[in-house]
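Visitor: What TrEMBL records for this protein is below:
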type	residues	note
TRANSMEM	A:12-30	transmembrane segment
TRANSMEM	A:37-54	transmembrane segment
TRANSMEM	A:60-79	transmembrane segment
TRANSMEM	A:91-107	transmembrane segment
TRANSMEM	A:143-160	transmembrane segment
TRANSMEM	A:189-210	transmembrane segment
TRANSMEM	A:222-251	transmembrane segment
TRANSMEM	A:257-277	transmembrane segment
Amino acid sequence: MEIVLVQVFNGLISGAFYALLSLGLAVIFGMLRVVNFMHGALYMLGAFGAYLLGVQLGVSFWWALIISPLAVAAVGFLLERALLRRLYDLNVLYNLLLTFGLTLVIQDAMRLRFGVQGVPYSIPAQLRGAVLIGFMFFPTYRLFVLGFSVLVCLGVWWLIEHTRVGMIIRASTENPVLTRALGVDVDRWIPLVFAFGVALAGLAGVLAAPMRNVSPLMGADLIITTFAIVVIGGMGSILGSVVTGFFVGVLSALGAVYYPPAANTLVFIVMAIVLLFRPSGLFGSPEAG
Amino acid sequence: MLVVDGLQAWYGESQVLHGVTLEVGDGRVVTLVGRNGMGKTTALRCIMGIHRQKRGRILLDGREIGHLPPQQIARMGIGWVQDDRGIYGTLSVLENLLLPPVVSDESWSLDKIFSVFPVLKDQAAQSGSKLSGGEQQMLAIARVLRMGARILLLDEPTEGLAPLLVERVREIVKEIKSHGLTVLLVEQNLRFATTVADTHHLIVNGRTVRSLSNQEVVREERELLEYLGV
Ligand SMILES: Nc1ncnc2c1ncn2[C@@H]1O[C@H](COP(=O)(O)OP(=O)(O)OP(=O)(O)O)[C@@H](O)[C@H]1O
Ligand SMILES: [Mg+2]
């Protein structure tokens, strides 16, 4: 019983990262119809951002939590303006290929500079140790990651449901052609939404820095599972990506206990089953996409 | 005034509009009438700047607008009500109304919208997908009125509606006209068209073949119905 609880907790922690990453992917896909393969690489840049800020400038984790995602957003903004936007009129595969290529470039550039081993990043002093909840101790930092990412997801959800930008994002996700024909300047929001989506990846990267090895390939494995999550949740569905993110985190963690060989495959089995019965994903609508 | 002159359009290799010419005077209700698949929707999509594989002239108050993107055409006061109504299910009814930016002084206030379309007020907080077909039609029209459209492009607004609701759409078109707005109405239903419009353009196989006043259409209704095959 205890092991199950521990694994559910660990699953929620992985889920927190999946949720932040797939949320960004979903927002980007909805608005731009771009499958952003770079997402994992930008997550990695977010983690390195925190590391470099700390080592070079003595910036604390807390400031890094703000600055590094903004820096990643700036990188995303520039890449969108310089490259991605040129391919919107073509098949979506072109931007998938472009972002895949950029991923390789970013990862290799980081590998040349920092090697494959990775660099250490320590847990901020305020969040060391463990907290007793009920009958078990939980690492404070992990509790923080969980709580913080839930808050961020709720915040993003609020933005999307209750602001004008959010309304434009929802409308463009559902029907981009009509939204333009109703006079909405969708194109003005595209680079900003892209920057926002990748900032979430950067944020996840900073959160990961103290508990996962900060290395050039840290985003590479994660991104594949994250894509599966976005597909299960329904491409472009905000709620779907978050809920599925946490769900898959827990599922993989439990799988690791009960049937370890399948732990990593489980998500793809779920994806296949969901696609059989609901091709547009659990929370997706058939029209969008 | 909206003028379309010699409009041609293609989907890939296949040409579907071979010369659509029509004139929509300010404050008038003008129809484009034709059978299934004759190119009515395509013509509206060309005017809106959505369909880009086209040739010919589209003039708004004498200015060529054929090359402009849809958001700019909407901002010039052209309101598109597409054939499937285009109501967003991920937006509430109120959000559907508020999505388009206000583009002119003609913009209807929410109060005015709700007094003309009381059902929308009652359901303002509902998801757009919860509305019935008739209500969605009202919302789609109300949405471009809120935007401040001076010219409304209505694509078969009566399609699939029960007789009572068709009657309601008729009243609304008349109400729009009484506010001095202009309507380009696409219809298969010639009978309905004659009860609201001033002039008619008949479209056959992607070509406008005749322009008639309403009296002429009423007089020749039999032959025209046969001619159009509707
Ligand atoms: N996306 C498309 N690709 C290829 N051909 C198309 C496409 N859309 C429409 N067409 C063809 O173009 C022609 C005109 O279609 P359009 O929808 O404009 O006609 P319509 O008069 O609006 O018909 P309806 O009364 O059925 O709405 C038809 O022959 C149709 O098959
Ligand atoms: Mg049509």
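Cβ coordinates are placed from backbone N, Cα and C, and glycine is handled just like the others.
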Visitor: Are the transmembrane segment (A:37-54) and the transmembrane segment (A:91-107) near each other by the rule of at least 3 C-beta pairs under 8 angstroms (pairs 6 or more apart)?
Guide: yes
Visitor: Do any residues, 6 or more residues outside the transmembrane segment (A:37-54), come within under 8 Å Cβ-to-Cβ of it, and if so which ones?
Guide: 21, 24-25, 28, 60-61, 63-65, 67-69, 71-72, 75-76, 79, 96, 99-100, 102-103, 106-107, 110, 114, 119, 121, 197-198, 201-206, 208-209, 212, 214-220, 222-223, 226
Visitor: Verify whether three or more Cβ pairs under 8 angstroms connect the transmembrane segment (A:60-79) with the transmembrane segment (A:222-251), leaving out any pair fewer than 6 apart in sequence.
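Guide: The transmembrane segment (A:60-79) and the transmembrane segment (A:222-251): touching, no.
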Visitor: Looking at the stretches A:12-30, A:60-79, A:143-160, which one shares the most CB pairs under 8 Å with the transmembrane segment (A:189-210)?
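Guide: So the stretch in question is A:60-79.
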Visitor: Sequence-remote contacts (6 or more beyond its ends) of the transmembrane segment (A:60-79), Cβ cut-off under 8 Å?
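Guide: Distant contacts of the transmembrane segment (A:60-79): 38, 42, 45-47, 49-50, 53-54, 102, 124, 191-192, 194-203, 205-207, 209-210.
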